[in-house]
């Protein structure tokens, strides 16, 4: 909402502009009226909307046209004052004032107008019959008020309506000619309805209506009041109430009714609570709350965020198969202005046999987005209404910023849950296969992936000593001379070569010596396509001798040319090295490091699967 309101009074000389201002301030009609009142500011604590209000007078005798144009450009609302007993001043409203104001304001952001009929104490009739056709002709006119500066009639109401026209404008919400809500308003209210429909059954039941009421107005509705609301809808439309719950049509009808009855502040309260600005766009402050991320720190979702995302998944998994079909994904993202996930997501996380996102894959994608682009994650959570449903100041409350990685290394322990592994290798060395194998896809399944849907990331969970962690694999482009800091910054490095290609290992050796030889980042050499015949590499040292010389673990054989899902042992080892880089170095000669990691992973993967099955039964 605006921080202040600027009201400008214009009109013909002697219609009583200055008298209206002075009567408001002194609460009595002035004996002597100056040519022009000085600008006054009404403090926030004495206005109904709690917003400071500046009231500006205009005098043709004292001000130039240029000064008038400047005031028009600065005004938030303009009151065109006419005298109810002076036909010429009424005619000037349409012949002079409205065209002048429209010429001086941008067509896309017209300032709201209020017609003010002063001196109603001097006549017995109303000017409304003359004014109503003018109001119907010009959409910018919010309302018309007849008042009397002398009798103090409707003076405070006039300035309240002016303030309301700025803070709660009708224009963006409602089309008076069509007598219906505008498309942008329908779109915003539809998103609000979908967020508030917590069980996604297409209606707001009493519990959801009360949650909505409490969220927007800080007070629940009494049972009788809830029934009264639904009865109003029932009387006016056939399908506004279904199974004793309010449908989207009924919800939109209620807001149409509020606006038609002059209570558009009710609709604006709802819109602003859900993050909308005066143009019915979600504000930058709502979508992108401030969050500080110091260097060498990463971003993760916290426990409450995962609970929220689980509830969103459950809400849209209508067939309860623990996977989201393309239609269910589409339904989930209806509260977004665009589709945030493309086909590449299905090749970044785990899917079921039909290629649909599993529960685990869905959470993995959220974890990936939060790690790589926390601003994007905040935006997505904003569209889903996280801060509203969890009653937080902003969705920044969903994010954990991890401590500096140097502190983890010093203390030899970490609280982080997401670890990044950059995968480097020459072209066709098997990097993509290595990523897809992590998602349980053998070579046969990988061949079905279309080139344009390929992903350079893969993320899933692994178990290290009983702790569930996310491992994020990133396939780095092979141009050795163009590697960026992002390509190099990670928790563990995989150097992949093709055992069947004699020139493949040369790349791994070069990258290691150029970028990682003095690094504290653990490195693992992967001997990919180990099901094929191993050939001698065209390098001065064999891969085994190279690893021995540089105190690296021996090359790890790997293949995804299997009948079943490829083995995941190597991924557990990578996560273990990422979590305990000091142990990886110390235990280099100790094969039990790998053994402990593998056995621990197997045990806890089984336990984890059993717990997951139990969780699914509960859900």
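Cβ atoms are placed via backbone N, Cα and C, with glycine included.
Positions annotated as domain 'Miro' by TrEMBL: 2-168 (among others).
The feature domain 'EF-hand' is assigned by TrEMBL to 304-339. Taken together, the residues of the domain 'EF-hand' (304-339) have an average pLDDT of 96.
According to TrEMBL, the feature domain 'Miro' maps to 416-580 (among others).
Summarising the annotation, TrEMBL assigns transmembrane segment to 593-615.
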Study note, to complete from the structure: Counting only residues at least 6 beyond its ends, the same-chain positions whose CB falls under 8 A of a CB in the domain 'EF-hand' (304-339) are 191, 194-195, 198-200, 351-352, 354, 356-359, 362-363, 366, 380-381, 383-386, 389-390, 397-399, 616, 619
Check your understanding: When the domain 'EF-hand' (304-339) is classified with DSSP, how many of its residues are helical, how many are strand and how many are coil?
Key -> 23 helix, 2 strand, 11 coil
